[in-house]
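The phosphate binding site feature in TrEMBL is assigned to Arg90, Arg134, Ile135, Gly136, Thr137. TrEMBL lists Gln213, Arg215 with the feature substrate binding site. Annotation comment: TrEMBL describes 50-290 as domain 'Nucleoside phosphorylase'.
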Amino acid sequence: MGLSSPLLEKISGACRLSDCCQYNQRNDVLYHLALGTSTHDLPAMFGDVKFVCVGGSSRRMKAFARFMAAELGLPDAEADPPNICAGTDRYAMYKAGPVLSVSHGIGVPSICVVLHELLKLLHHARCTDVTVIRIGTSGGIGLEPGTVVVTQQAVDGAFQPRFEQMILGRPVVRGTELDGGLVAELLLCGRELSQFETVAGNTMCTMDFYEGQARLDGAFCCFSERDKQEYLARAYEAGVRNIEMEALVLAAMCKLGGLQAAVVCVTLLDRLQGDQLSGSHELLESFQQRPQRLVGLFIRKRLQASGSV
């Protein structure tokens, strides 16, 4: 799948991504990435990109770019990669061969902004057959901390596979299905690594870190521990195995753009056991490297299969 003829839903009718990108085509400014069609040669800079990996932290995505440079045997793999988006402090972007590593901040609004501009960037750079993967952290439900969850389906707080957004004052609902074949590939990579538990499950995406995720430790809380446990039990019965704040919009936008997409997150705690992290800094840091290692193996195997490495 690629960007060749994606259809985007509209409140009525339909429009192509390419039509949307015609707006001010001579100078399409990707404001939050500090890039533009009149200021940068986007095909020369990004035309070889086959994988876009996104995660919340700029520090983590810089580390992932260095990891991928070493995995792919690129020159100067030990050197600090330059931040391509150094002209802005909104997001950070690093490149390791055909792998783009981009920070997305926290929550649906933040990742939505950067995904719009990344989709336009891929279009202007004339990229094809691109796979998008979110690598991040999450709270688990009924899982040992450190377990990596490959998302089968992104669901909302009512456990429904839908992303609802207000457009022109009206609610627009989009599907959040992810590619089952890609899920299977990633699970196979997890088994091949055999360094940590890797499972498939639904990922609940919320609009808030505290009350929206049934936490009792926010500034406000209108429910009890019993209410929380009952809600998380219902989530588990619905197939939810982890909770985070970005999967819905990534799944919806990549589906609209015709891109293969996946979400791979490590669980930092079991929410059935508490709301706050109790592991040491060193342990949590080691957990955060697990999705990177799994996705790194997946990318290397994909490139080897295509004869690119």
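Cβ atoms are placed via backbone N, Cα and C, with glycine included.
Of all Cα pairs drawn from Arg90, Arg134, Ile135, Gly136, Thr137, which the record names as binding phosphate, the longest spans 20 Å. The domain 'Nucleoside phosphorylase' (50-290) scores a mean pLDDT of 96 in the predicted structure.
Cβ contacts within 10 Å of Ile135 (phosphate binding site), excluding its own Cβ and spanning all protein chains shown: 27. In this structure, the CA atom of Gln213 (substrate binding site) is 14 Å away from the CA atom of Thr137 (phosphate binding site).
On a Cα basis, Thr137 (phosphate binding site) lies 16 Å away from Arg215 (substrate binding site). For Thr137 (phosphate binding site), the number of other Cβ atoms no farther than 10 Å from its own Cβ, over all displayed protein chains, is 21.
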